[in-house]
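Scroll down for the structure; my scribbles are underneath it.
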Amino acid sequence: MNTNQIILTDQGDNYVNLWSHVAQDLYNHYGETLYNSWFSKVNFIESSLNTVILCAPTNFVRDWIKSKYSMVILQLFQHYNNTIKSIDIITKELPGTTQTVIELPTKTFADIGSSELNSENIFSTLDVRFTFDNFVVGAPNELAYAAARAVAESSGAVSESNPLFLYGGVGLGKTHLMHAIGWYIKQNNPSRKVIYMSAEKFMYQFVKALRNKEVILFKEKFRSVDVLMIDDIQFICGKDSTQEEFFHTFNTLIDNNRQMVISCDRSPSDLDNIEDRIKSRLGWGLVADVHSTTYELRLGILESKIEQMNVKIPKDVIDFLASKIVSNVRELEGALNKVIAHSNFTLKEITLENTQNILRDLLRSNERIITVEDIQKKVASRYNIKLSDMSSSRRLREVARPRQIAMYLSKALTLKSLADIGKKFGKKDHTTVMYAIKKVEELLENDIELREEINLLMKILQH
């Protein structure tokens, strides 16, 4: 970030230029994922009495930025111009923009008794583990979390995020958020009628209704709810009759100001074998990408899970899991459960070595192959020592400590035995490697700076 003050007048063009500097700083600080979620569609409007006025695309985005980022944005503005005392964020139509209003045909539906709706109890299909309280929020999923929370808290009014379309890879938290919406509504607005089900089950119930000549009951059931949540909508791709029924259900609910939440493994525009009119409607509201997890988010998820389970796991094991199980949250939690279960059944202590052995097969499928040589090169470069120092016997601290760190990382990031690692470090025996690992583990207990340094090296080596 430029450390020089930019002296500005009240001319709009200058403030637009200033906002571009602030936006770039936000991008640099928070990264592409979070920037695209919140700031990319924010525009400068005007300045008045030392106040900069920005425009957000929706009330939802405006409120989230105000609550989470307003002070950071103000400080960035003041960095460039210290006469700015405050910022305000509004929502309004920008000059020169137009909105297309699509009129949906008005439909009516019969009011059916609660016993009919309750024949399928939503809460029997919700997982008690999946609530907002135990959803770990990070940059990759912040937009999706905030949108899901807004839908749940809408208290009967339809949110701006209608439909809310959540998409991303398997095991990243989409289903968790949908269940969390259901539980929140049950606890805070129990009179609201909610249906949650997979697209596959939606199709099977529709086919059953056709076979039993109960299509009218099917339509009434799904079109008389306050919130309809359909998981894995990609399942109806290529299924024309189900798509047709979903299309009319969607239209009826949206036309009657009912909330829809939909999940998918890809964005609406990337769906194949689905009608264009459905693609278009899926993108009407808020489309939120649940991105792949970062190391920090995986670490937070593990720590939260460990706290819930009230177990003790060594720090090096937690760091190892967060570094190695990168595919999705489901596999990450599964790996943790497997390690804990193995310890409970065998009465063996949870150690890094045991963890590596227990998860050997899973690690192979997740792991980019990292060699001891890769680690030696990265560590030598990081600490500005010669690569040959890794296999030397020099005892100078500036050489010995990086060598110990490289041995520690070799054990953490490869499946090599201590003896094999020792051979790569100038034919040292396994006791020397063991001493180095224990030394680093002891230092990690209290040395926060070293812990951050090793975490950084792990991330560099993983990607």
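Glycine too: its Cβ is placed from the backbone N, Cα and C atoms.
What Swiss-Prot lists as region 'Domain I, interacts with DnaA modulators' is 1-83. Annotation comment: Swiss-Prot describes 83-124 as region 'Domain II'. Marked as region 'Domain III, AAA+ region' by Swiss-Prot on the basis of sequence analysis: 125-343. The feature ATP binding site is assigned by Swiss-Prot to Gly171, Gly173, Lys174, Thr175. Per Swiss-Prot, region 'Domain IV, binds dsDNA' is recorded for 344-463.
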Check: same-chain CB within 8 A of ATP site center, minus Gly171, Gly173, Lys174, Thr175:
Gly168, Val170, Leu172, His176, Leu177, Ser263, Val290, Asn328, Val329, Arg330
Which one is it: of the binding-site residues Gly171, Gly173, which Cβ has the fewest other Cβ atoms within 10 Å in this structure?
Gly171
DSSP helix/strand/coil residue counts for the region 'Domain I, interacts with DnaA modulators' (1-83):
47 helix, 11 strand, 25 coil
Which ones in the same chain are close to Lys174 (ATP binding site), with CB under 8 Å and 6+ residues apart in sequence?
Ala144, Leu166, Tyr167, Gly168, Asp231, Ser263, Val290
10 Å Cβ neighbour count around Thr175 (ATP binding site)?
20
List the helix, strand and coil residue totals of the region 'Domain IV, binds dsDNA' (344-463) as derived from DSSP.
89 helix, 0 strand, 31 coil
When the pLDDT values for the region 'Domain III, AAA+ region' (125-343) are averaged, what is the result?
87
